[in-house]
Amino acid sequence: MEEEITTTSNNNNPVEPAQVKEPKCYTVEEAVESIGFGCFHILLFVIMGSANIVEAMEIMLLAVVSPEIRCEWHLEDWQVALVSTMVFFGFMVCGVLCGYIADKYGRWKVVFGGFVWASYFSFLTSFSTSYGWFIFLRCMVGCGVAATSQGFVLKTEFIPAKYRAYLLPLASIFWMMGSILIIVLGMTVVPTMGWRWMIRFSVIPSLVLIGLFMFIPESARFQVSAGNIQGAMSTLKRIAKMNNGVLPEGELREPEVTERGNAVTLISSAFRRTSLLLWYSWFVASFSYYGSVLSSSELLEKNLLCVTDPDLEHQIKHIQEETLCYCIPFNSDDYQTLLISCLGEVALIPLNIILLNIVGRKYSMVILLLLSAFFFMLVNICTTMLGFTILLFLLRSVVSMNFNVVYIYTAEVYPTSVRSIGMGFCTSFSRIGGMIAPFIAQVLMSKSVILALSPFATACIICAIGVFFLPIETRGRALLQDA
């Protein structure tokens, strides 16, 4: 009996269950931060930054070629403006589509396809036999450039948070290089071989970049969101090896995001105000940037400097087949002015970086938009060529800085699941601004300089007020994976 009681007593002792340790796990964000900055990011910066060279060349090409095609095909102001508009129309239509495909099927495929598409149709442009073929082919180029803009998303998703405010503004250096390259080609090739050969030479950087792009992997953030954990691990291990960094202890684990590329997310309650204000901010960024580029070339081409109300005596026209046509190609001084203004896009990069790190993304945009409006109005002041060059230099500086900040804020504010389509919608709205800018800068400029420049200044002021009410500041913020 005693034994029974003892046994019973022993059996009633509580047995502590063995504690099961859960395996350690980490996210892509933690992996990117753990690996840190290194050789991979330098390679990424150079190759993806070179994409800006190609995009800048395709856009700046319009300012250089305009005087040539105006004379060759006896074009009026609105026809020259339509060339730029058709490029931006192609960009606008394809921007959302490319963003959707990038969120569903990957950033790399879209960017690579964009390079091939843009270089192919740009090359075909040099064989245009008529004005109609020219604007059609430039529209196709715009579609390709829309795809390459997704490279900014790909680049952002690889860079650790604390380095984004330093590296992303430096992309302006490559944009400046592209602008300078096309101007140099205009100075050297156009007078001797013609504008068609200039376009053919301008395709060469695209072909080089297509080869270099093979060294860039797909975004690990996208791979995880698509459920491809093995692909993401392979990418992260490759980056860690190149950077001599280490991955966090444990295994990569994040849930698959089934709702990728859903445009409805952009207007959900969490992002509605952000999206609406960003769409207008992108419109103004493009409107003001291309307004500054095309206005400067128009003022130089038609010699409208210091003329507040130009009439026929200020406009040198030749009668050709009963069509009024400007036959005033750029001279060396005009090209020099354009070159100096291009330098303005990088001269104030240190200020841009300081603003981003001290006052944040939102207030950087507010400050730069107000400065843009101020310099647009100063261009109206009657001054010397030196004074005009300085004003143009400062104007190009602030409008390009604003464009940089808008790009950075957009890539940071949206989650991975809709980052590309969010960027796609934003770039499409920006191209509406690009479509309207030529008709103001190139058509209205012939009527009145102040009337043409005032809309750019007004749009910047209104946008500055709107940006002030953006609900999210992204400085130092981790990139979200899902909404």
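The backbone N, Cα and C atoms fix where each Cβ goes, glycine too.
Keep in mind it's a predicted model, so treat the numbers as computed, not measured.
Features of the protein shown, as given by TrEMBL:
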| type | residues | note |
| --- | --- | --- |
| DOMAIN | 44-475 | domain 'Major facilitator superfamily (MFS) profile' |
| TRANSMEM | 42-66 | transmembrane segment |
| TRANSMEM | 78-101 | transmembrane segment |
| TRANSMEM | 108-127 | transmembrane segment |
| TRANSMEM | 133-154 | transmembrane segment |
| TRANSMEM | 166-191 | transmembrane segment |
| TRANSMEM | 197-216 | transmembrane segment |
| TRANSMEM | 276-295 | transmembrane segment |
| TRANSMEM | 338-359 | transmembrane segment |
| TRANSMEM | 366-395 | transmembrane segment |
| TRANSMEM | 449-470 | transmembrane segment |
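Beyond the transmembrane segment (276-295), the same-chain residues lying 6 or more positions past its ends with a Cβ under 8 Å from any Cβ of the stretch are 59-60, 62-63, 84, 88, 365, 369, 372, 376, 379, 392, 395-396, 399-400, 402-403, 406, 409-410, 413, 425-427, 429-434, 436-438, 440-442, 445, 452-453, 456, 459-460, 462-463, 466-467, 469-470. Sequence-remote contacts of a segment are chain residues at least 6 beyond its ends whose Cβ falls under 8 Å from one of its Cβ atoms, and for the transmembrane segment (133-154) they are 48, 51, 54-55, 58-59, 62, 69, 73, 82-83, 86-95, 98-99, 102, 107-108, 110-111, 113-122, 124-125, 168, 171, 216, 219, 407, 411, 419-420, 423-424, 427-428, 431. Remark: the transmembrane segment (108-127) contacts the transmembrane segment (42-66), by the rule of 3 or more CB pairs under 8 A. Counting Cβ pairs under 8 Å that are 6 or more residues apart, the transmembrane segment (166-191) and the transmembrane segment (449-470) reach fewer than 3 and are not in contact. Within the chain carrying the transmembrane segment (42-66), a Cβ under 8 angstroms from the stretch's Cβ atoms is held by residues 80, 83-84, 87, 111, 115, 118-119, 122, 138, 141, 145, 148-149, 151-152, 154-155, 158-159, 167, 170-179, 181-183, 185-186, 190, 195, 198-199, 202, 205-206, 209, 212-213, 215-216, 242, 290, 293-294, 296-297, 301, 330, 338, 342, 442, all 6 or more beyond its ends.
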